[in-house]
Structure formats: structure tokens, C-alpha cells
């Protein structure tokens, strides 16, 4: 038997079981738990390599030949951290394991035959993750979509109609006409999209109309009046049509305090946006909601991780996004009530404890649409550096923490909004929304983004160069983003009632439309690696946060990982 060193093996086929990989310039190390490829039978494309006719590429005719295979990929997912080939057919993941030619190789997965029909994407030395899911989008500008895509986000859920005052402040697409217009606009993009209707109404017929018009859920926002009545009516309609309700609660406590909101919610499942409160919500103690079993708590990315500049930058953001005036003292007091360093300091720690379940952006409305993934990993790194390894870790690695944090922007938002059957993880049967990263660039600069198995965006060099790599290397849309291909590379998520009533045909849409499902029968316990339920207390005078009588806080950092080292500007 021929043996080679681990270093030589990794340089040829990527790391294998027991190897550790550093994520970007963070202090996080992922260790491969299992290698599903077969030593000596690895498949690899290139001159003198194995994917050639009659070798690792079958010369026989198989009906299950793959459309594409990602070879020797290191997968980081809530399901595990492991090495495998990924087989793609018809836009979906059909196999994870050993791909190749069953006529000449052992242990080839019968669903993963490489043949004349198969394109090869080299995964050696790359990390593969599921595409990110951002569930807090203000659709203020369509230019957000490529920015998010180039960061590794493949699904955007939110509301709005453009740079209107209502959209600048709230994630709502109000009414049937606006909803239909946004569904039509979605046709232009190789990005999964879904839209919230406006959930603030004591008239349930108006809410139902929006669900029937194609809304995948409702958003209740304080700028429209997050009253107990509005909350109750929105949840009534959501229960009826199996959609999710997202909420931005009442900062000013005009219609009630956090206890009144929880009473109106009445144990029903709801997705709470920016649950820390700087982005909005009952001052000073909306953060208490994060510990409840029916609350799916999320953060928006300006407050994570907590840095020396976090509190200062929030005041100006708030004045702009919520149509406030610095010359009006009541507006300034409103802004000041939301920016509390004590609760912001607790937020990172609550994420690390698995109490906060989801991260999102709040795009252009106190949030950065291209930084969900980056800030999630910055927070993970900050917490490791401050608090050390989690007690759940096994061995000299950070695998548990890594699974906890990747779940926050992949599987958990998918579960929360009823789309986890389709996207949110690297699993057989799901659409192949996948992101490839060099380990050194992990979390900030992806190499390539696949939607439904086709490359829709990637880093690419000078188009007039003789090879693909010369500078300037920039992100650009790829063929999956063009022509009619984009209709098969992206999904619009709608309510089941709209899907069943053939909204696609009614509006003449060409994209894939799919219904959300199982939004109402989930709880915090369904949040992967982030399901901790515990009482949280907030001191109303000092804003100190406590869990089990222990003060929860963290220090503001002077410098973050995945920062200026990777960015010219």
C-alpha cells in the first residue's frame, strides 16, 4: 500500500478526517469529523487526473448521471463538519458521499454516477456551506440583491417597495397591488425571495387579502402601531393560513410593555426581530423575550459583534431610518432609549449560549445587507477569544460553536419561515444553493455561489486575460443569472393559499414558486444548536441583563477578525 503524508494528501485532495482548518483569520478551527470519500479512489478533474472516460467517469449509459459534482468538498453545516463529494441533478442535491464510476470504482453512491453529462466543480481545499438566508430585508433598493448574493446569501425575505418612507422604516409590502408588483419584480433576479405583508391592522380581511396575494408571512412593526390588538389579529390570520409573523415591538411602550405584548402573543410562535432592542422593541427589556419557548429570537447585524464604535454609530442610523428629527427633543429621547450598551453587551453572550437563534441584516435600515455572514463569524470569534471553548466541545476544535453559529443564518431562519424543506442546509433532496469558500477567505469573500446547482455569481478576473485569474478579480454575475436560466435558478416563496390558487399563472410569473409550510407548529426547540429556553431579567434602571442570576455581558472589542485585512475600503 502506498502512503503519503497528510500535508501532501491535503494539497491534492483537501483535508481529511482529523485535519483542522482555520476559518479566515479567526481563532476558530473546524475539524473534519468523517471523510466519505474513499482513499485511493478519490475523483479529481484535470490533466492526468482521474475523471476521464473509463476511469472515474463512466462510459456506460446511466439515467442517474449527475449534472454536476463538487469533488472532495469540506462541508460545514448544522448536520456536521465532514468531507464528501456532492452530487447535483435537476437543481437539487441528490447525493453526498462517494461519486465516480461504479464500473471501475468501489463504494460509489448509486445516485452519484459521473458520466458524459456531468460538469465538475473542484472542491479540493474549499469549504462548502449552504447559502445564507437573510430574513430581515427592507427592499429599499434592488442593488441590495447582488450585494447580498456576493456575500454568500441566497435567500432574502422581507418587505417593501423601494425607497419609500414606509419601506425605509418597515419590512412590509402593503396590500395586494404592491405585493403583486414585487412578485413581478422578483423575476429579474437569481435570488430566492419572499415578501411580508403589512401585519398592522385590526381588520383581518385586509391581512388575509395580502396572504392570498402571495405574502409568505406578515410583519408587525411599531411604526405602524404594534398594539396588542394588531399583534393578536396578525397571529389569528397566521394561524389560519400557516404563515409566520415577524415583529418589531413597541419601543415607547405606548400601547403596553413587554408583558402586554407577550400576553397578546399568547404562547403562539412569532419571530422577534432585533430582540436586543437597539433596532427597536420595548425599552429597555424586549431582550427578555429571547428566553421564551414560543419566541424565535433574532439579531440584526449592526449590534453584533459588540465593538467600541457600536453605540455611537447607532444614533445617527436610527434618526435616518425612522424618520426622526434631531431638532425635536422627543425624537432624540426616543433614539436614546433604544441604544443601550448594557443590553448590546449581553447580546453576543446570549448568541454564544444558544439563546438567540437567528442573525439577519436589516438592510439599509440600520443594517448591512452584505455582512450577515461576516458578522456572525466575527461574533463567534469574539466570544471564543473572550470566553474560551464551549463546554459542549469534544476535542481540540471549535466544531460545536461552528455548528451553532452557521445554524443562525442557514437552517434556523429556514425553519422559522417554513422553507427548510427546500433550502437551509447541505442535505439530500434540497435545492443546491451552495457557497464555496477558500478557508483563508471563509466568512467574508466566497469564491463561487450556486443556485439550484448552477453558478450564478463568482469571483472572476480580467475578461480579456488569457486565463481566468489575472487582476482585477471582482465579483460578477454568471450565466445562471441571465436569460431564462435565472427562472430555474431561483425560487419565490409564497403562502400555500396563494400557491394553491395559482398565483404564478395569474400573474404570468416564470420563476419557481413554492409554498411555505409548517410555520405554526414550531417552537424555540426546533432551532438547531440555538434552542435554549431560560428566564432573562433586565434591571429597569441599570439595564443589566441576568440569566439564572448571573450577569450576562461582554466587552467591546477594539479590533475584529474578517475586517480591514480583507477590504480595501
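The count begins at 1 with the first shown residue.
Cβ from N, Cα, C; glycine included.
Here the structure is a predicted model, which means the values were calculated and not measured.
Per Swiss-Prot, domain 'Urease' is recorded for 131-569, and the stated evidence type is sequence analysis.
Annotation comment: Swiss-Prot describes 136, 138, 219, 362 as Ni(2+) 1 binding site, evidence class sequence analysis. Residue 219 (Ni(2+) 1 binding site) falls within a strand segment according to DSSP. In sequence order, 158, 159, 170, 171, 172, 196, 197, 198, 199, 245, 246, 247, 248 constitute the residues six or more apart from residue 219 (Ni(2+) 1 binding site) in its chain with CB-CB distances below 8 Å.
If you look up Swiss-Prot, you'll see 219 marked as N6-carboxylysine.
The annotation Ni(2+) 2 binding site is assigned in Swiss-Prot to 219, 248, 274. DSSP assigns residue 248 (Ni(2+) 2 binding site) to a strand segment in the three-state reduction.
The Cβ of residue 221 (substrate binding site) lies under 8 Å from the Cβ of 169, 170, 171, 172, 198, 199, 200, 247, 248, each of these being in the same chain and 6 or more residues away along the sequence. The substrate binding site annotation in Swiss-Prot covers 221.
Annotation comment: Swiss-Prot describes 322 as active site, proton donor.
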Cβ neighbour count within 10 Å of residue 138 (Ni(2+) 1 binding site): 27
Rounded Cα-Cα span from residue 136 (Ni(2+) 1 binding site) to residue 274 (Ni(2+) 2 binding site), Å: 9
Cβ-centroid neighbours of Ni(2+) 2 site 219, 248, 274, 8 Å, sequence order: 136, 170, 171, 220, 221, 222, 246, 247, 249, 272, 273, 279, 280, 281
Mean of pLDDT values spanning the domain 'Urease' (131-569): 96
Shell list (Ni(2+) 1; ref centroid = CB of 136, 138, 219, 362; cutoff 8 A): 137, 158, 159, 170, 171, 246, 248, 273, 300, 360, 361, 363, 365, 367
